[in-house]
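Enquirer: Starting off with a structure, shown below.
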Amino acid sequence: MADTPQKRIKYLQDHLNECSRSYYVDALSLIPDKEFDSLLKELEQLEEKHPDLRTPDSPTQRVGGQPIDGFNTVTHKKRMLSIDNTYDEADLSAWFTRVYKGLDTSDKSKVDFIFEPKIDGVAVSLRYENGILTQALSRGDGRKGDDITNNVKTIAAIPIKLTSSTKSKLTAPHVLEVRGEIYMPNHVFDRINKQRKKVGDELLANPRNATAGALKTKDPKQVARGLAFFAHGYGEIEPITSITSQQNLLDTVKAFGLPTNPKIKTGNSIQDALEYIESFDQKRNSLDYATDGAVIKVNDFSQQQALGQTSKFPKWCVAYKYAAEQAETKLLKVDWQVGKTGRLTPRATMDSVPLAGTTVQHATLHNFGEITRKDIRVNDTVIIEKAGEIIPQVVSVVTDKRPSKTTPIEEPNACPECGSEVTREYDSRRANELAVWQRKIEKEKLKAEKEKRKPLDIPPPASLTNADISGHFCDNRECPAQLRESIIWFVGRNQMDIDSLGEKAVIQLMDANLIKSFGDIYSLHSKRDQLLTLDRMGEKKIDNLLAGIEKSKTQGLARVLAGLGIQHIGARAADILAQHFGNIDTLISAKSDQLADIDEIGPITAQSIHHFLHSEAGQHIIQELKDANLTLSTPKRHTPAPSDSPFAGKTVVITGTFESFGRKDLAEQITNLGAKVTSSVSKNTDLVLAGESAGSKLDKANKLGVTVWDEPTLLKNLNSTPPPTPPSQPSLF
């Protein structure tokens with residue numbers, strides 16, 4: 001008697017899930033790929049006929065849903081911290097010493113460690129509720145991440161439903177958050193690039209960038225099927241289980257069907273760690289995934305808890321970063337490229353050479369000062385490496401192999417794109433030395449005049465030379481290259497996030513003279529007929545493009561400021577300025593010294609934003625955006641401070657480093673409790689919070705008699721302060 005549809009569907013679901021588990025967790029292939037695909041197709045057809053029999057954990061649910069408009073940002077239940085880095089044996093030894101001291105033990109045998117490969121992928125947090133994958137978040141800033149659930153569900157290595165083997169007899173907890181790394185295997189990366197090369201597409205830079213790009217595509221069906229995953233940690237677990245160590249955790253999640261790295265080992269000394277680091281370094285280039293180090297963790301969870309964490313890193317783990325792989329090649333020529341801020345960056349073209357798994361022909365020389373200091377010349381034999389194993393850079397010249405005929409690299413005196421004059425920027429530390437000396441000279445002159453004597457001789461610092469140059473800039477905001485890079489940046493996901501307007505589309509529209517300024521983006525709706533004449537521009541694509549442009553108008557002031565490519569203004573500075581001033585007109589009316597007095601802004605950033613907003617080009621851009629009806633304001637985030645807060649109404653300065661928080665986090669926390677945080681100590685300062693290595697600000701506070709709290713006093717006051725009252729929500733009825 002033939003199986004009923006219900007029985008056949010159940011069999012296929014269970015069988016295919018077991019095949020996936022065996023392949024990705026145990027590295028065993030139970031059936032050929034062709035048979036797997038055939039059975040999956042049969043299951044898809046059966047579920048199409050009987051949709052009521054389709055379950056959330058069915059393998060068919062990996063194919064992805066409909067394209068989404070964007071990614072929601074979600075707060076992590078438990079922060080996803082970064083891992084602190086070490087680079088040599090001395091650094092690692094210091095970390096081991098801190099661990100033993102933190103655990104207050106002289107018996108080193110009581111502390112076990114676990115050693116894991118550091119995968120160069122994309123960190124993700126997987127949330128399972130009653131064994132079903134309900135949410136996948138990217139790391140983001142550690143506090144909030146993007147909801148990439150639909151895309152992650154397409155990754156065959158990640159189970160949609162947790163299932164335990166018959167041996168383990170484990171039951172999934174009500175909530176289990178598994179943290180790990182999604183990566184693209186090297187063979188998949190190579191295959192994709194071969195395909196892209198065939199059709200003339202730009203090659204992917206490296207597996208990590210390819211992984212990040214795949215996870216952020218807005219159509220789940222387009223997520224690369226070849227992505228893989230290794231679990232290495234946890235977030236929230238409810239109820240608390242009997243898992244007591246990192247090794248125990250990895251064994252448990254593997255039993256549930258999540259892949260863990262087979263190259264993990266345990267040990268109980270720094271000698272064991274160094275042996276693992278050396279052994280793994282010899283093997284890692286032969287593996288099918290990119291790594292950039294090894295991670296050493298305290299194994300026991302109770303000891304991890306005792307060691308705690310800083311605002312950025314857990315104290316119970318550390319990463320040992322391997323020295324970047326180097327290669328020798330010949331420098332053939334140097335071109336200057338123009339970026340979105342007008343910065344000219346020298347790019348070296350060299351004889352092709354294999355390096356860290358890819359073939360490298362180009363590398364950055366950073367700036368003319370770097371070229372001068374290293375005495376880099378055309379025709380030199382140079383050593384290159386990948387900075388952070390991603391960006392190739394020239395690190396030195398092999399002078400013993402320098403030929404008799406080499407060509408010095410000339411300093412640029414004009415923009416290579418528009419021919420405009422360029423301005424130099426010098427290293428800020430050296431420039432400040434000269435500025436301080438000049439102020440001392442002026443003060444001494446005034447003092448000498450008052451005392452009717454000859455000014456004292458104040459020796460000057462060394463004069464600025466080419467070696468001190470940190471950059472060259474094209475000041476022409478209408479420079480074609482600068483405009484192109486600026487527009488590409490402006491429409492990007494972290495700025496205005498305009499769907500369907502990527503780099504290729506921007507270049508296409510600029511080549512067609514449809515975009516010549518920021519304002520032109522917002523007039524494309526009136527150029528539909530011209531858009532239809534372009535290659536690969538159909539009605540549907542144009543509809544999506546125009547809808548994305550219209551939607552971007554409400555992104556708000558912070559995103560607009562971050563998108564304008566103003567020198568020294570990133571997302572953080574843009575958000576601070578938007579929150580402080582509320583709208584563009586108030587920001588424009590602010591003086592440079594008012595901007596500089598804002599915490600985390602400072603004089604250099606203040607000068608940059610002030611110059612842009614009062615330049616002819618900057619004012620033209622702002623007016624274009626106003627005419628296009630963009631939202632150039634930001635509602636201020638305001639949480640009423642408790643009336644009994646010790647910070648309410650006080651002007652506070654933060655100096656030094658704190659074990660319990662980062663300075664940004666602390667500033668935000670006490671601002672919510674009613675404080676006004678400023679960057680400099682004055683007679684108007686009410687309180688100085690002084691951490692370790694507090695310097696001149698603490699000295700000035702003591703001279704002025706300002707109240708000073710150290711970290712224990714700060715924590716005591718924070719712990720005794722009730723949390724701020726959240727804004728009231730409107731009634732639903």
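Counting begins at 1 with the first residue displayed.
Backbone N, Cα and C define each Cβ position, glycine as well.
From TrEMBL, here are the annotated features:
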type	residues	note
ACT_SITE	Lys118	active site, N6-AMP-lysine intermediate
BINDING	Asp33, Lys34, Glu35, Phe36, Asp37, Ser82, Ile83, Glu116, Arg139, Glu181, Lys297, Lys321	NAD(+) binding site
BINDING	Cys415, Cys418, Cys474, Cys479	Zn(2+) binding site
DOMAIN	642-708	domain 'BRCT'
REGION	48-69	region 'Disordered'
Enquirer: Per DSSP, Ile83 (NAD(+) binding site) is which: helix, strand or coil?
Expert: coil
Enquirer: For Cys474 (Zn(2+) binding site), name the DSSP secondary structure in the helix/strand/coil scheme.
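Expert: Strand, per DSSP.
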Enquirer: Among the binding-site residues Ile83, Cys479, which residue has its Cβ surrounded by the fewest other Cβ atoms within 10 Å?
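Expert: If we count Cβ atoms within 10 Å for the binding-site residues Ile83, Cys479, the smallest count is at Ile83.
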Enquirer: So among the binding-site residues Cys415, Cys418, Cys474, who's got the most Cβ atoms within 10 Å?
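Expert: The residue with the densest Cβ neighbourhood is Cys474.
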Enquirer: I need the neighbours of the Zn(2+) site defined by Cys415, Cys418, Cys474, Cys479. Which other residues of that chain put their C-beta within 8 angstroms of the C-beta centroid, in sequence order?
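Expert: Not counting the recorded site residues, we get Val338, Gly342, Ala414, Pro416, Glu417, Gly419, Ser420, Val422, Asp475, Asn476, Pro480, Ala481, Gln482.
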Enquirer: Cα-Cα separation of Cys474 (Zn(2+) binding site) and Arg139 (NAD(+) binding site), in Å?
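Expert: Each residue's Cα considered, Cys474 (Zn(2+) binding site) and Arg139 (NAD(+) binding site) end up 36 Å apart.
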Enquirer: Measure from the Cα of Cys418 (Zn(2+) binding site) to the Cα of every one of the binding-site residues Glu35, Asp37, Ile83, Arg139, Lys297, then give the nearest.
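Expert: Considering only the listed binding-site residues, the nearest one is Arg139.
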Enquirer: Using Cβ atoms only, which residues of the same chain lie under 8 Å from Arg139 (NAD(+) binding site) while being at least 6 residues apart in sequence?
Expert: Met80, Val122, Ala123, Val124, Ser125, Gly145
Enquirer: Between Ile83 (NAD(+) binding site) and Cys415 (Zn(2+) binding site), find the distance joining the two CA atoms and give it rounded to the nearest Å.
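Expert: Rounded to the nearest whole number, the Cα-Cα distance is 41 Å.
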Enquirer: In the domain 'BRCT' (642-708), how many residues does DSSP put in helix, strand and coil?
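Expert: Taking each residue of the domain 'BRCT' (642-708) in turn, the totals are 19 helix, 16 strand, 32 coil.
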